[in-house]
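Engineer: Starting off with a structure, shown below.
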Amino acid sequence: MSVFLRGGIAGGFFLRSRDYSAVITKRRISSFGAVTGRSVNPTAATEQRATWLPGLEPPPYLDGKLAGDYGFDPLGLGEDPKNLKWYVQAELVHARFAMLGVAGILFTDLLRTTGISNLPVWYEAGATKFDFASTKTLIVVQSLLMGFAEIKRYMDFVTPGSQAAEGSFFGLEAALEGLEPGYPGGPLLNPLGLAKDIKNAHDWKLKEIKNGRLAMMAMLGFFIQASLTHTGPIDNLVEHLSNPWHKTIIQTLFTSAS
């Protein structure tokens, strides 16, 4: 069972939704022109709104201005503008954690399977005991550090720009240089200087959220794989490639259910 195969399929669906929507719209416009005999502007097709399901009318509060907005909100969670603003930030944070998690799992799993390092499989890493500190100490330190960072992030969300005020971060405000809520900058968090003009950084935001959504799907795949096969993603990939026709998600699901 290969998470890469599933990720490719899922990623291809979401990343290509714009292209499919445009093609379908062009065909509709061409057909309309052929039937009525009227002249139709062919560029109108490219101006149509891309949605997660081609041809679906997006809700009015999702007007396409947000990065990665394809009108997907079947439960209507974003009808309240305040809730929508919070959900955008929540998705962004989860996407970034997922990207870090996927990269960390694949890297450590590759080291483990190749024998380069004697590391535990990713879902057993939390039970590992370290010599330099006890588990309780690590939990306390992580809670303090993450709590501090999350409180700062929330305060900046409530009052944008407040955490960049002089003296708000031990004199390191200039090094962080927040661009807007959810997008910190400066040499520490934006060393390459990408998207310095955050108002014109829609393409960068779109790339980040698309990769983040794909990473969240990959993490879901890792959870399911670990639950069904009790091995890591690299082991699953190697097993699938060794017998692609008989080592798939379908056979794994049926085997685990029997």
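Note: Cβ is positioned from N, Cα and C throughout, glycine not excepted.
Caution: TrEMBL annotation is automatic and unverified by curators.
The annotation chlorophyll a binding site is assigned in TrEMBL to E91, H94, K207, E208, N211, R213, Q225, H240. Residues or ranges marked as chlorophyll b 1 binding site by TrEMBL: R96, S143. Per TrEMBL, the feature chlorophyll b 3 binding site maps to L176.
I'd like to know what surrounds each of these features in this structure.
Structural biologist: Within 10 Å of the C-beta atom of E91 (chlorophyll a binding site) sit 17 other C-beta atoms, taking all shown protein chains into account.
Other C-beta atoms found within 10 angstroms of the C-beta of S143 (chlorophyll b 1 binding site) number 10, with every protein chain shown included.
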Engineer: Fill in the CA-CA distance, Q225 (chlorophyll a binding site) to R96 (chlorophyll b 1 binding site), as an integer in Å.
Structural biologist: 21
Engineer: I need the most crowded of these binding-site residues: N211, Q225. Count other C-beta atoms within 10 angstroms of each C-beta and give me the top one.
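Structural biologist: The largest 10 Å Cβ neighbour count belongs to Q225.
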Engineer: Just going by other Cβ atoms within 10 Å, which of the binding-site residues K207, R213, H240 has the emptiest spot?
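Structural biologist: Output over binding-site residues K207, R213, H240: least Cβ neighbours within 10 Å is K207.
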Engineer: E208 (chlorophyll a binding site) to S143 (chlorophyll b 1 binding site): how many Å between their Cα atoms?
Structural biologist: 27
Engineer: Quick check for the class: what is the C-alpha distance, in angstrom and rounded, between K207 (chlorophyll a binding site) and S143 (chlorophyll b 1 binding site)?
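Structural biologist: For K207 (chlorophyll a binding site) versus S143 (chlorophyll b 1 binding site), the Cα atoms are 30 Å apart.
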Engineer: Can you name the residues of this chain that are 6 or more positions from H94 (chlorophyll a binding site) yet have a C-beta less than 8 Å from its C-beta?
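Structural biologist: When sequence neighbours closer than 6 are ignored, H94 (chlorophyll a binding site) has G212, M216 within Cβ distance under 8 Å.
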